[in-house]
Amino acid sequence: MTAPSVPPPRVDGATGAPATGPATARAARAMLRSPARRSADPHWSDRYLPFAGVGVGGALLFGPFQRLLSDLSTPLPPAPPVTALVGLALAVAALAALTQVAAVAGPVLLTPADARWLLMSPLDRRAVLTPAVLRAAVTAVVVGVVLGGGTLSLLGIPDHGALRLAAAVVSGGSYALTGVGLAALAQRSERAAPWLRRIASGAAVLALLTGATVAAAGGAVRPLPTVPLPAALAAAAAGLLCALVTAVAVWRGLVTFPARPVLDAAARLSAAGDAVVALEPSFLSRVAENAYWRERRPPSRPWPAWPGPLVLAWLDWRGLRRRPARLAALALSTLVPVLLATVWPDRPLLFAAAVLVLGLAAASAGAGGVRRETGSPALRRLFGVAGLPTDAARLVLPALLAGAWLTGALALLEPAGALPGTGWAWLGPAAAGVPAVAALRMARRGHIDHASAPVVMPMTGSRIPLGWLTWTLSGLDVAVPGLLPLLLALSDPTAAPGPATAAQAALSALVLAGYLWRRHRRP
Amino acid sequence: MPAVVTRDLSVELGGGTVLDRVNLTAGTGQIVAVQGVNGCGKSTLLRCLSGLLRPGGGEVEVLGTAPSADPAFWREVGLLAEEPAWYPGLSVREHLELVALTHGGAAPVDRTLDEFELTSRAGASPLTLSSGQRQRLALATTMARPSRLLLLDEPEQKLDAGFRDRLAAMIRAYADAGGTVVLATHDAALVTAMNATSLRMRDGRLAEPGPVAR
């Protein structure tokens, strides 16, 4: 064995720079992007998906502005008072939600590897954190600009189109930047961060409830007075000032930004890294659940003396009961479709999509146990309980949650005038089984299979990996066809609820039976 | 001046007391090994010493100041805690080169690879290494760069018996050269081989509190 040796420690007691100084963060990042690690000669078609994504995204984002930009010299009438007020409430809620998401995610967020190798090093802290801060800032500005443009399209442009548009986008961008900046400042402090999260949640809830109240008031709402141009410009200037002050405070604080909250955020990112936002509520819920229980001690209660499958299913009931805020959030989210229907009454597909997505989210709240077990096969083996009774028992809670959520949402849509006739709430229990099956299917899909065989596109010759596609479609492949009677009825202004309820109940029974039969055949 | 001092260090997590008025002093050139059953507070103590956990009470001094976990702190302190997140696209050699780049003055990478028995896997991604090899790489990235204090949380885990002896000799050599080591361990043989000062921790309290005699 050769004589072991390690570099001589600094024993001179000096705390200054070492003889050979450490590199800059820029040099370290350049090394991480070393060309040696890149694949050789990428084909142009390899860039197809990113470019197509940016193109489609840009076209979608351009939509809200199209009407504004078409002719800024022509006065644009405001939306009906109810629509404008509800839209304003939704914009405020979105701004608060952005701050809340930023506070939960970081917003000063590094990947776990960067946090380990760059943050816990002698590299200049500001240089290490600057890219993360810029990412958060750009995201905030983009979201804020879209919100500002959308709000202006609701309030109308009586005069000075270009100035009003500038004021709207500057206001949106700067207030969003201020919110995310405040989240970055709060991230430094163990006391401030929970307070900011509470304030942002409270603001979002208040805005949603205000919007729902306005929507319920309907025709009784008076038209909004026109916002004078100086007031709009003053609001933009105030927002800009707030954003500047916050940005300077964040920038100055980066030098001494503590490592612990960034490491915590990186750990949360790591925990959420195997999930994607697309229709996968576990992304935020898993992060929030881990953070919630890290600070608390769960009460120990004896398990009921039931058969194994029922006890295993009871795990989800118990978990949900210990997080009453989740149930409250689900209950509150039943307002979202009615708010969307009030702001965009001519786009029934929009609130139908919201019903689909949020109904799935409600069912997914009862599938946490399956999701955890999918992520950890050892956990599944630990219980040693499987088979048809287990699958059937685990369907109950998701079905109950989805049924209750759909019933509530449809019962609210009916009096708001978004649906013709009466009796829509019966579609909720009739459809309950389908989101439950879809949620369990989503919970079992696990990680994206990046090793799946790619499909070669006949026109371009580029290879499209199938793993992410099958992952995304898992669950939706059951939910969309299984809820067709409900979705078709919601998007048809002349539909009657009776036949749709009957068709939906029959289809739900079919989906449930098919799911259980398939699980029985191939456990 | 002692490299590490804690006075009445207390920590509460999740409604329970994890550290209870811990008094610890580690002088320059000393190896202090904290032993105890799982959950007794060893890792929490190291997290406090590394500045990654703010104590609920008491004082902590590391190299003369409160641990700050800022860049100047990491220039002097090496921490081995749970397995780090690896860059999947970087090889073993590149991870070591990155450490050499960010810290400056690190040992030559080839020598480090040889000493930590990783030469044959230098071109591999850390994700393809065995768990023991990954532990050796984590140790290499912590020890193969200049520092004045090493905080090691169970450095012996997943290592084979042969390499444990080698690790003991490395840590002993580090301390003999003037470095200070505070480690948490379950391996009594390692403590003996390092000729370390052993402290017992139980339910968040050190069984032998007070200044540590070498």
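Just so you know, glycine gets a Cβ as well, placed from its N, Cα and C.
Among the features that TrEMBL reports, compositional bias 'Pro residues' is placed at A:1-10.
Annotation source TrEMBL lists region 'Disordered' at A:1-22.
If you look up TrEMBL, you'll see A:13-22 marked as compositional bias 'Low complexity'.
Annotated transmembrane segment per TrEMBL: A:48-65 (among others), in sequence order.
The annotation transmembrane segment is assigned in TrEMBL to A:85-111 (among others). Only residues 6 or more beyond the boundaries of the transmembrane segment (A:85-111), in the same chain, are considered here, and those with a CB under 8 A from a CB of the stretch are 79, 118-119, 128-129, 132-133, 135-136, 140, 143-144, 147, 150-151, 154-155, 175-176, 179-180, 182-184, 186-187, 193, 196-197, 200-201, 203-204, 207-208, 210-211, 214-215, 221, 224, 257, 261-262, 265-266, 268-269, 284, 287-288, 291, 339-340, 342-343.
Annotation comment: TrEMBL describes A:132-157 (among others) as transmembrane segment. Residues 61, 64-65, 67-68, 72, 75-79, 83-84, 87-88, 91, 94-95, 98, 102, 106-110, 164-165, 168-177, 179-181, 184, 224, 226-227, 247, 250-251, 254, 343 of the same chain lie 6+ residues outside the transmembrane segment (A:132-157) yet bring a C-beta within less than 8 angstroms of a C-beta in it.
Under the heading transmembrane segment, TrEMBL lists A:163-186 (among others). Same-chain residues lying 6+ beyond the ends of the transmembrane segment (A:163-186) with a Cβ under 8 Å from its Cβ atoms: 68-69, 72, 95-96, 98-99, 102-103, 106-108, 133, 136-137, 139-141, 143-149, 151-152, 157, 192-193, 195-196, 200, 229, 232-233, 235-236, 239-240, 242-243, 246-247, 249-250, 253.
Listed as Cβ neighbours of the transmembrane segment (A:198-221) (distance under 8 Å, sequence separation of 6 or more from its ends, same chain) are residues 81-82, 85-86, 89-90, 92-93, 96-97, 99-100, 103, 179, 332, 335-336, 338-339, 342, 412, 415-417. The transmembrane segment annotation in TrEMBL covers A:198-221 (among others).
TrEMBL lists A:227-251 (among others) with the feature transmembrane segment.
Outside the transmembrane segment (A:327-344), and at least 6 residues removed from its termini, the chain residues within Cβ reach (under 8 Å) are 79, 82-83, 86-87, 89-90, 154, 205, 208-209, 211-212, 214-215, 320, 350-351, 354-355, 358, 361-362, 365, 401, 405, 408-409, 412-413, 416, 418. The transmembrane segment annotation in TrEMBL covers A:327-344 (among others).
Taken from TrEMBL, the feature transmembrane segment covers A:350-371 (among others).
Per TrEMBL, transmembrane segment is recorded for A:392-412 (among others).
Below 8 angstroms of C-beta separation, residues 279-280, 282, 359-360, 362-364, 366-368, 370-371, 374, 391, 394-395, 398-400, 402-411, 413-414, 474-479, 482-483, 485-486, 489, 497, 500-502, 504-505, 507-509, 511-512, 515 of the same chain, each at least six residues beyond the ends of the transmembrane segment (A:424-443), sit close to that stretch. If you look up TrEMBL, you'll see A:424-443 (among others) marked as transmembrane segment.
Look at TrEMBL and you will find A:464-488 (among others) tagged as transmembrane segment.
When Cβ-Cβ distances below 8 Å are used as the criterion, the transmembrane segment (A:500-517) is approached by residues 388, 391-392, 395, 423, 426-427, 430-434, 436-437, 440, 478, 482-486, 488-489 of the same chain, each at least six residues removed from its ends. Per TrEMBL, transmembrane segment is recorded for A:500-517 (among others).
Note on the transmembrane segment (A:350-371): residues 279, 281-282, 285-286, 289, 312-313, 315-317, 319-320, 326-327, 330, 333-334, 336-338, 340-341, 344, 394, 397-402, 404-406, 409-410, 413, 418, 431, 435-436, 438-440, 442-444, 475, 479-480, 483, 486-487, 490-491 of its chain, located 6 or more positions outside it, place their CB under 8 angstroms from a CB of the stretch.
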